[in-house]
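What follows is a short report on a single structure.
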Amino acid sequence: MIRGKIDILVVDDDVSHCTILQALLRGWGYNVALAYSGHDALAQVREKVFDLVLCDVRMAEMDGIATLKEIKALNPAIPILIMTAFSSVETAVEALKAGALDYLIKPLDFDRLQETLEKALAHTRETGAELPSASAAQFGMIGSSPAMQHLLNEIAMVAPSDATVLIHGDSGTGKELVARALHACSARSDRPLVTLNCAALNESLLESELFGHEKGAFTGADKRREGRFVEADGGTLFLDEIGDISPLMQVRLLRAIQEREVQRVGSNQTISVDVRLIAATHRDLAEEVSAGRFRQDLYYRLNVVAIEMPSLRQRREDIPLLADHFLRRFAERNRKVVKGFTPQAMDLLIHYDWPGNIRELENAIERAVVLLTGEYISERELPLAIAATPIKTEYSGEIQPLVDVEKEVILAALEKTGGNKTEAARQLGITRKTLLAKLSR
């Protein structure tokens with residue numbers, strides 16, 4: 001793994017203490033960032049890579065234990081050292097139980113501090129817990145669920161290699177985020193990452209985008225253009241929705257991968273390229289091969305390493321963290337003070353099935369923040385499809401008829417729309433006639 005200097009985040013609401021630590025740590029060769037509150041620390045961890053966090057326990061608003069837990073939720077691998085006054089050693093023990101790697105007594109013994117820092121960083125390298133040169137949170141990959149931890153482990157293992165990767169998952173699960181993390185954590189990270197959505201272009205435009213074209217090769221080609229393969233030379237090429245390309249483009253892409261060279265449209269000259277290829281699709285390419293719609297040889301070339309993206313409903317325990325992440329982002333963007341979600345609103349978010357996955361959650365939170373007039377997001381600000389979600393309770397042994405469940409959802413939708421049957425039907429994705437028929441059963 002290629003690394004630069006070690007980045008340390010110091011979290012303490014004592015500005016003078018922060019300044020002293022910053023000067024000391026910089027003298028030891030570390031890069032140092034300062035956060036004067038827990039909320040500031042979380043904002044920085046979301047945006048930047050840190051190899052270690054040094055956090056005080058006693059802080060106003062959000063104390064060190066709460067900050068520790070939130071940082072661990074964003075990035076379970078990051079080592080955190082807690083600073084505490086001698087009189088609060090019990091709190092330090094609590095911090096260790098919550099995931100702190102070690103604690104330091106204030107006023108700090110600088111020799112002990114240096115020794116503890118070196119041990120913490122060495123421990124992280126030895127255990128392999130260190131995220132590579134970019135943290136998951138930096139790419140919006142937030143969560144502590146088993147499914148998310150499995151995905152992050154796969155990225156950490158696969159990123160250093162040059163193997164072609166095929167990412168499969170439903171729309172909105174974050175396939176491009178994984179591609180960006182794989183590139184950023186690779187030895188090619190200082191070279192370009194070039195992306196292309198194959199489904200957005202017809203065959204002729206896709207060929208020109210991938211391989212480039214000569215001046216005059218077709219109508220409108222008023223100058224020569226390099227393709228995405230050449231632009232990505234030395235770096236990574238990410239092809240999204242690879243399952244949507246035509247049979248002819250499959251042949252040309254296969255040749256480029258096999259020969260490691262491309263040919264501009266309208267040219268006989270070949271150009272050697274060195275790229276790592278990452279492809280993504282929502283389609284089952286094995287099924288597409290069986291159906292004769294996708295070349296088997298290209299499938300094998302792409303499917304060297306397969307990464308399966310979990311849907312949001314497979315990692316419901318991550319929804320509160322993701323919702324909070326989006327809430328903070330959109331509250332800041334809209335210059336609003338939003339303190340959080342009501343318990344009822346969070347229950348709805350957790351129980352909704354999210355067919356659009358993380359992208360749908362992000363859009364729902366943005367809408368809620370824009371519509372919000374108070375301090376807490378409630379079910380009133382959520383889209384109707386989410387607000388009408390039945391909250392699943394502990395199974396009582398009695399099966400409720402499907403017709404009753406449907407009626408409950410429709411009644412909730414009608415309440416939400418003030419009795420407007422047409423609007424309720426529209427937001428539920430059914431016709432008004434179907435809604436009336438289900439109500440009359």
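Numbering starts at 1 and runs along the chain as displayed.
Glycine residues also receive a Cβ, built from the backbone N, Cα and C atoms like all the rest.
According to Swiss-Prot, the protein has these features:
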- 7-121: domain 'Response regulatory' (DOMAIN)
- Asp56: 4-aspartylphosphate (MOD_RES)
- 141-370: domain 'Sigma-54 factor interaction' (DOMAIN)
- Gly172, Thr173, Arg329, Arg359: ATP binding site (BINDING)
- 421-440: DNA-binding region (DNA_BIND)
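Shown on the structure are the features that Swiss-Prot records.
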residue	record	CB count, 10 Å
Asp56	4-aspartylphosphate	23
Gly172	ATP binding site	20
Thr173	ATP binding site	26
Arg329	ATP binding site	17
Arg359	ATP binding site	15
Practice prompt. Measure from the CA atom of the residue listed as '4-aspartylphosphate' to the CA atom of Gly172 (ATP binding site) and give the result in Å, rounded to a whole number.
Written response: 38
Item to complete: For Asp56 (4-aspartylphosphate) and Arg329 (ATP binding site), determine the Cα separation and express it in whole Å.
Response: 25
Worksheet entry | Site extent for ATP (largest Cα pair distance over Gly172, Thr173, Arg329, Arg359, Å) | 19
Worksheet, complete the sentence: Secondary structure split (DSSP) over the domain 'Response regulatory' (7-121) reads 59 helix, 26 strand, 30 coil
Fill in: DSSP state at Thr173 (ATP binding site), helix/strand/coil
coil
Response to the item:
The correct three-state DSSP answer for Arg329 (ATP binding site) is helix
Worksheet item: Helix, strand, coil residue numbers for the DNA-binding region (421-440) per DSSP?
Response: 16 helix, 0 strand, 4 coil
Discussion item. Over the span of the domain 'Response regulatory' (7-121), how high is the average pLDDT in this prediction?
Written reply: 87
